[in-house]
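Undergrad: So that we are looking at the same thing, I have put the structure below in structure tokens.
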Ligand SMILES: Nc1nc2c(ncn2[C@@H]2O[C@H](COP(=O)(O)OP(=O)(O)OP(=O)(O)O)[C@@H](O)[C@H]2O)c(=O)[nH]1
Ligand SMILES: [Mg+2]
Ligand SMILES: [Zn+2]
């Protein structure tokens with residue numbers, strides 16, 4: 001039976017890319033019973049029922065899985081955050097980074113709308129938060145073209161997902177990288193300073209030089225359902241690197257004596273904003289467990 005990758009999912013239909021084009025498939029009923037559902041990015045086996053129509057019969061094992069945005073088998077997470085309109089949201093970014101790290105994804109942080117800043121101070125401030133974690137931070141603008149070539153290079157040869165809040169400029173950036181994509185973009189609401197949820201579905205685009213990228217709907221919330229307190233530290237690379245030097249194994253880097261992480265925060269090696277968010281997420285995970 002033929003195989004392919006789901007590149008789009010819209011109201012119960014899964015579009016499986018084949019050499020002929022995208023085959024419109026339904027999912028076999030058994031998935032629902034097993035509470036499984038196909039995700040964009042899944043490699044699947046399908047049965048062709050009519051020309052260019054079919055039924056997904058098997059979902060192949062996933063190498064990675066994100067639930068927000070919902071996408072399987074991506075290798076790189078491109079986190080997109082705007083510098084202005086809406087303003088940069090480090091907490092939401094850190095939430096997403098935790099999920100990306102848990103799946104073992106490569107990470108690239110894109111700062112959009114660089115043209116709306118007078119100088120580079122803010123970009124440097126943000127770099128100072130994320131460089132100690134080993135993340136690359138790239139300022140971009142679709143107005144001036146800044147950073148677009150670098151984004152193209154970063155997307156080569158792998159499956160990436162663009163993730164970030166509504167209005168950050170994900171679809172605009174993808175249009176700059178791949179004009180043929182012709183994705184819909186939407187003005188940010190002046191009154192609310194937020195995007196209008198223009199992109200409604202996850203969609204994988206093929207890049208000319210090889211590689212694929214998924215555009216996704218923006219999100220504004222991300223929680224840690226299913227997380228254990230003890231696994232959070234591993235999702236902050238700059239904390240994880242120091243954890244082996246903490247006095248106690250399983251140190252949660254809260255108030256334990258001999259905590260190397262706390263020391264690193266005090267010495268300015270770990271940015272306070274990252275540590276603050278770590279503690280807050282830890283608290284959230286703790287609260288979930290109590291209910
Ligand atoms: N000044 C400026 N505006 C930009 C830039 N990139 C995007 N925008 C504007 O930001 C708004 C939102 O862009 P979209 O690409 O629709 O944002 P999105 O992240 O795809 O949003 P959702 O699909 O809702 O998740 C649009 O009005 C864009 O024109 C940029 O580099 N500079
Ligand atoms: Mg969009
Ligand atoms: Zn510690």
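Placed from the backbone N, Cα and C atoms, the Cβ positions cover glycine too.
What TrEMBL records for 63-222 is domain 'CP-type G'. If you look up TrEMBL, you'll see 72-220 marked as domain 'EngC GTPase'. As annotated by TrEMBL, GTP binding site applies to 112, 113, 114, 115, 164, 165, 166, 167, 168, 169, 170, 171, 172. Per TrEMBL, Zn(2+) binding site is recorded for 246, 251, 253, 259.
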Undergrad: Other than 246, 251, 253, 259, which residues of the same chain sit close to Zn(2+)? List them in sequence order, counting a residue when its Cβ is within 8 Å of the Cβ centroid of the site.
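TA: Filtered neighbour residues, in order: 242, 243, 247, 248, 252, 254, 256, 258, 260, 261, 262.
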Undergrad: Using the alpha carbons only, what distance in Å do you get between residue 166 (GTP binding site) and residue 253 (Zn(2+) binding site) once rounded?
TA: 33
Undergrad: Taking only the binding-site residues 164, 168, 170, 172, which one has a CA atom nearest to the CA atom of residue 259 (Zn(2+) binding site)?
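TA: Of all the candidates listed, 164 is nearest in space.
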Undergrad: Looking at the binding-site residues 114, 164, 168, which has the shortest Cα distance to residue 246 (Zn(2+) binding site)?
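TA: Result for residue 246 (Zn(2+) binding site): the nearest of the binding-site residues is 164.
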Undergrad: For ligand 2, list the binding-site residues among 112, 114, 166, 168, 170, 253 whose CB atom is within a distance below 6 Å of it, in sequence order.
TA: 170
Undergrad: Sequence gap of 6 or more, Cβ distance under 8 Å: name the residues on the same chain that satisfy this around residue 172 (GTP binding site), in order along the sequence.
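TA: In sequence order, 112, 142, 183, 185 meet the Cβ cut-off.
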Undergrad: Does any of 166, 172, 253 have a Cβ within less than 6 Å of an atom of ligand 1? These are the binding-site residues; tell me which, or none.
TA: 166, 172
Undergrad: Ligand 3 is in the model; which of the binding-site residues 112, 164, 168, 172 have a C-beta less than 6 angstroms from one of its atoms?
TA: none
Undergrad: Using DSSP, what's the helix, strand and coil tally for the domain 'EngC GTPase' (72-220)?
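TA: Summed over the domain 'EngC GTPase' (72-220), the classes give 48 helix, 32 strand, 69 coil.
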Undergrad: Across the domain 'CP-type G' (63-222), what does the pLDDT come to on average, as a whole number?
TA: 96
Undergrad: Counting only residues 6+ apart in the same chain, whose Cβ is under 8 Å from the Cβ of residue 170 (GTP binding site)?
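TA: Residue 170 (GTP binding site) has long-range Cβ partners 80, 162, 163, 164, 199, 215, 216, 218.
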Undergrad: Report, as a single number, how many Cβ atoms besides its own are within 10 Å of the Cβ of residue 166 (GTP binding site).
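TA: By my count, 19.
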